[in-house]
Amino acid sequence: MITCPPGYFRLPRASVRKQCENTNFTCPMGKQCLCQPCSKALEVEVHNHPEDKRCRKVEVCKKAAQNEPATFRIRDNLERNLSLTYTYYVTEKDYITATLPPIKGTRGLYEFTLTTHIKGSHMVEITFEGGILIDTSPFLVEVQSVSCGPDMAASEYGECIATVEYVHLPNWFTHLCIWLTIIGVTLAFSLMMWTFTKRRTKLIVAAQPIFLYIICLGCAISFSSIVLSAFDDRNYEVGFLDQMCVVHLWLYGVGFVLSISALSEKTLRVKRLMVDNNGGRSSDISVCPSLCKIAVWVLVEILFLSVWTITSPPRFTRHCVHENIGGDAEFCRSVGRCNDGADRSALLIVFLSAHIAMLCHTLYACYLARHIPQEFAEHKWITAGAVGIIQILILTPLMMKLAWDDPYVCHIIISIHRYHQRRRRHRCHHHHPHLRR
């Protein structure tokens with residue numbers, strides 16, 4: 001019979017045998033050897049499991065994630081074989097309590113498991129029958145956020161919830177952009193071919209075919225920018241999309257200036273032919289000066305677009321629309337689109353203002369040609385188209401601002417904006433009764 005001194009308690013036989021093995025001690029034949037059979041310990045010890053760390057009073061004994069089981073083993077070194085009661089305080093008003101008998105087949109050995117989704121340091125109290133607090137009680141259990149994977153975060157209930165939803169353009173929108181581009185480009189080149197085949201008729205001669213060709217070409221260029229609105233990072237690399245953003249801007253800008261400048265110069269040339277010459281004023285009625293002015297307009301646009309592309313090129317970027325989902329998580333609805341560079345507001349205002357100024361110049365040309373018969377100047381149709389495009393240029397940015405966080409609505413607005421601009425320019429010259437005769 002082994003008797004341990006005060007403050008020391010006998011270890012289980014398996015623990016004693018293990019200590020002998022750890023010291024590489026070989027017991028002689030026929031002898032029974034005990035290696036440090038007594039250990040200094042408290043009367044009642046609490047260890048976390050499976051780390052086997054001894055719990056100390058008012059210290060964190062176990063760190064666990066939300067909803068992760070935290071298991072503890074209690075050893076009564078006096079082997080009194082009494083029942084224990086533990087109380088787990090998860091909040092000031094909420095607690096869990098239960099009574100534990102010793103593990104079946106043992107004396108003084110207990111085990112219990114705690115779990116909660118509430119984060120923080122929670123207190124555990126353990127008492128014997130009669131409310132006697134054990135020496136190591138109370139101790140703390142620290143509950144931390146559950147570890148989640150990429151683009152996931154823990155909710156307040158310990159569930160891993162997706163924090164990012166990557167919004168991509170639907171297939172129907174891609175098909176819409178492709179069909180709008182096909183219809184627009186086909187219409188532009190069809191009208192160009194129709195003008196070429198009818199170029200010797202009086203009405204087409206009066207409408208000045210060279211300008212009609214340029215207008216159709218500008219519309220075709222602008223129409224081709226619509227299909228670029230259907231690209232996003234679901235099927236394409238971001239580097240490629242950055243290039244498409246730049247190409248989209250150039251196609252729209254050059255096509256717009258080409259067609260609008262041709263409208264203006266066409267109207268002004270008719271005015272020089274029929275008003276200035278009939279009034280006795282000498283004017284250059286050749287086509288070359290008008291074509292040179294169109295070239296100047298286009299070169300100015302190219303210069304501006306070059307500065308924009310070099311200093312603050314458009315890039316395909318994503319931004320988040322945040323929504324709180326509880327806990328530490330904030331939901332991100334990731335929306336991707338072409339962002340017009342770091343200084344996009346100032347450059348975009350200059351860009352749109354210049355285009356509106358061009359349309360106002362076209363309206364002024366129509367005003368100067370207001371006394372010319374409609375079949376020659378077509379100023380009424382041009383005026384109606386220019387006013388409509390000005391309205392589109394003013395309203396579209398406002399509508400996009402309101403729908404900026406909805407990629408579908410925003411892209412639809414851009415595509416319809418491009419399409420209706422070109423349609424209005426076509427109607428200026430090819431959709432009125434004088435050219436049907």
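Cβ from N, Cα, C; glycine included.
Because TrEMBL annotations are produced automatically, they should be read as predictions rather than curated entries.
Pulled from TrEMBL:
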REPEAT    108-143  repeat 'Filamin'
TRANSMEM  172-196  transmembrane segment
TRANSMEM  203-227  transmembrane segment
DOMAIN    245-404  domain 'G-protein coupled receptors family 3 profile'
TRANSMEM  247-264  transmembrane segment
TRANSMEM  285-308  transmembrane segment
TRANSMEM  346-369  transmembrane segment
TRANSMEM  381-400  transmembrane segment
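In this chain, the transmembrane segment (346-369) touches the transmembrane segment (247-264); three or more CB pairs sit within less than 8 A of each other, excluding pairs fewer than 6 residues apart. As a summary of secondary structure, the repeat 'Filamin' (108-143) carries 0 helix, 21 strand, 15 coil according to DSSP. Remote same-chain residues near the transmembrane segment (346-369) are listed as 253, 256-257, 260-261, 263-264, 267-268, 270-271, 275, 297, 301, 304, 308, 312, 340, 377, 379-380, 382-383, 386-387, 389-390, 393-394, 397 (criterion: CB distance under 8 Å, separation of at least six residues from the stretch ends). The average per-residue pLDDT of the prediction over the repeat 'Filamin' (108-143) is 88, rounded to a whole number.
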